[in-house]
Every structure is written in structure tokens, then in C-alpha cells.
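Step one of this worksheet: look at the structure below.
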Amino acid sequence: MEVVEVLHMNGGNGDSSYANNSLVQQKVILMTKPITEQAMIDLYSSLFPETLCIADLGCSLGANTFLVVSQIVKIVEKERKKHGFKSPEFYFHFNDLPGNDFNTLFQSLGAFQEDLRKHIGESFGPCFFSGVPGSFYTRLFPSKSLHFVYSSYSLMWLSQVPNGIENNKGNIYMARTSPLSVIKAYYKQYEIDFSNFLKYRSEELMKGGKMVLTLLGRESEDPTSKECCYIWELLAMALNELVKEGLIKEEKVDAFNIPQYTPSPAEVKYLVEKEGSFTINRLETSRVHWNASNNVKNGGYNVSRCMRAVAEPLLVSHFDKELMDLVFHKYEEIISDCMSKEKTEFINVIVSLTKIN
């Protein structure tokens, strides 16, 4: 499985689309707003750029993508008015892997711009937008061309399934039953990928440029702790139930692994300091409930829909597409049972960085 070819959120605007099932991600963006706001204020008041070049890495599609744009424009407009300056030109780069539904994203752009003008008037900008398909574990932009890099709920995804994890039988991710070699392989791939991310962004950001990165993570130093692995353990349970029913071959489940690593703040800090191009302004964690909806009764349904929007393309690349309704129905039942018995939360790691030179 080539991750770069199959990793993307469900496109379009259907029942299983990411656009209609990304409330958790929206809440996380709103929770992170004060950190984004401070980074943008510090950036603008130190550089006063006439053109602001901003990259949203792992932008996906839907309202959340434009929520980030709206936040940034409003922050800068408020700040530049304080100083009595003319509004800068905004240049937003939307980056994601080639399988992302860029068409749906850009079809919504006109309506978003019109709505933004209604809220803050005609005096800002102009704003320019471009789509940049490609992996953020490679170079994406010219040297020293960016002022600000934003990424939310993307950097936990790895560039590939780690090598040497063939013995992770019965699991689809790191779990307490995973051999130590599997845990080490996952961390090694994360270390390679995040180090490359920092290296390439250090080349693309100008001196004094900022990054605000939010990713699924963990507070524990145990990479197999429930706070980061449980959601995938439950999906593995659903798949293994279908194995027992004879609908999926056991070898198919054994050969499937999620290309993701959810780091602790200490792991993020270590790699940032090791790479050496950035200072850490803030590094913190937050929590968000699996069921971000106010509809508590349908919690299992809401969470399984959210996870389907995220994971279905990966699953379809390995299992029969016709099985997906059954897989996620099983998953919903398992999640509902789990949520009735225990507290279920995602842990977020947020880091704000400044480019040193």
C-alpha cells in the first residue's frame, strides 16, 4: 500500500464525507485559536509584511479549511488596524496528498469569500489561493517564501507503513499485544518523517516565520496507551469479528496496519530541538471527546461516522469496498458499548514554533 496514493479523507458532500463528519476537527481548530492568534500577532508585528504567504498543510476539504483562513485574516486585519497600516495581500496555499478532493474544496471558495466580505467588509486583502498536491514530508515551496505554516490533525500520519511490522498479528496499529519491534518501527518512521518535515519547512520559511502544528498525540510516554491507540483497537475488533464470521480472511487483517504515530509532547520537543531550526514558543496538550456532537444518545454512530470519513479510503485500498457498511456497523456497536462504560477522549499535542535563521 503506497500511503501517498491512498491516504485522504472521504471526498464530496455525502453521508460519509469528511466535509459532513469533521466536527471533532472543527472543535480542535477552535480550541487552538488562541495559540494561532498569538503566533500571527507576533509574526505580523515583527515583520509588517505587505504580502503574507501562508500554507495549510494537510488542508483536506470542507468548512474547517476555510475556518482556518477566516481566523488568520481576521487576526491580521485586527492587528494591522491597530498600527494604522494598509491590509496586506494574503496568499494561501492549500496542501494535501494528491487523492484529496481539491475540486470540492475550490468549488466552495467563492461562497466562502463572499461570506468573509460580509463579516469583515471589503477593505482587506486581496486574497489569493492555490492548491499544492504533494507530501509535506518533501519540499513543497520555494526557499524562504512562507511566513506562516499551519497544520491541524495531519502530522500524526506517516509517509508509509513502517517496515518490519509483519508480526503485528491481530492488530492494525500499535497495541499492548504488539511486539516491541513493532513499537520501535513505528517510532523510527515517525522520527524520520517529523525530522524531514522540520527540515523542509525550515528551508521554506523565512527568518522569523511561524508554525502552529496540532496533531493527535498522547500525554503518556507509553506509545501503546489507550489514550492514543484505543480507537484503532476497536476498529481491529470489528475487523476480527468479521474474520470469525468468515467474511474477511485472517491474513488480510494481519497484513493491514495504520500509518500513524501519535507522539507525546516530550517526543515532539526532542525532535524539534534535535533538528535545530526552530524555537518552541508553546508546547501543550488538550483533550476533546470522541463524540464532539451535542447529540449524546447517538455517540457511537457519530464517532463511527467521523472515523469512516477518515479511515475508509485506507480500508478500501486493502479490503473489499462492499464490506465497508458492515465493518462500520460493527464498529459503531463496539464504540457505543465502550462509550457507555468509560470516558473516551482524543489527546491533542499543539506546538507553536519560530524559525531561528
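Just so you know, glycine gets a Cβ as well, placed from its N, Cα and C.
Remember, it's a predicted structure, so these values are computed and weren't measured experimentally.
Taken from Swiss-Prot, the feature S-adenosyl-L-homocysteine binding site applies to Y18, C59, N64, D96, L97, S135, F136, supported by similarity to another entry. Annotation comment: Swiss-Prot describes Q25, W157, Q260 as benzoate binding site, evidence class similarity to another entry. What Swiss-Prot records for N168, D254, F256, N257 is Mg(2+) binding site, and it gives similarity to another entry as the kind of evidence. As annotated by Swiss-Prot, site 'Involved in substrate discrimination' applies to Y150.
Counting other CB atoms no more than 10 Å from each candidate's CB, the binding-site residues D96, D254 peak at D96.
All chains included, 26 other C-beta atoms sit within 10 angstroms of the C-beta of C59 (S-adenosyl-L-homocysteine binding site). Excluding the listed site residues N168, D254, F256, N257, the same chain places I165, E166, K169, N171, I172, V253, A255 with Cβ atoms within 8 Å of the centre of the Mg(2+) site Cβ atoms. Around the Cβ of F256 (Mg(2+) binding site), a 10 Å sphere holds 21 further Cβ atoms from the protein chains shown. When the recorded positions Y18, N64, L97, Y150 are ranked by how far their Cα is from the Cα of Q260 (benzoate binding site), L97 comes first. Here the CA atom of N257 (Mg(2+) binding site) lies 28 Å from the CA atom of N64 (S-adenosyl-L-homocysteine binding site). On a Cα basis, N257 (Mg(2+) binding site) lies 27 Å away from Y150 (site 'Involved in substrate discrimination'). The shortest Cα-Cα distance from F136 (S-adenosyl-L-homocysteine binding site) to any of the binding-site residues (W157, N168, D254, N257) is found for W157. Compute the center of the Cβ atoms of Q25, W157, Q260, which mark the site for benzoate; besides them, the chain residues with Cβ within 8 Å of that center are G58, Y153, S154, L155, M156, L215, L216, V310. Looking at the residues that bind S-adenosyl-L-homocysteine per the record, Y18, C59, N64, D96, L97, S135, F136, the two CA atoms farthest apart are separated by 20 Å.
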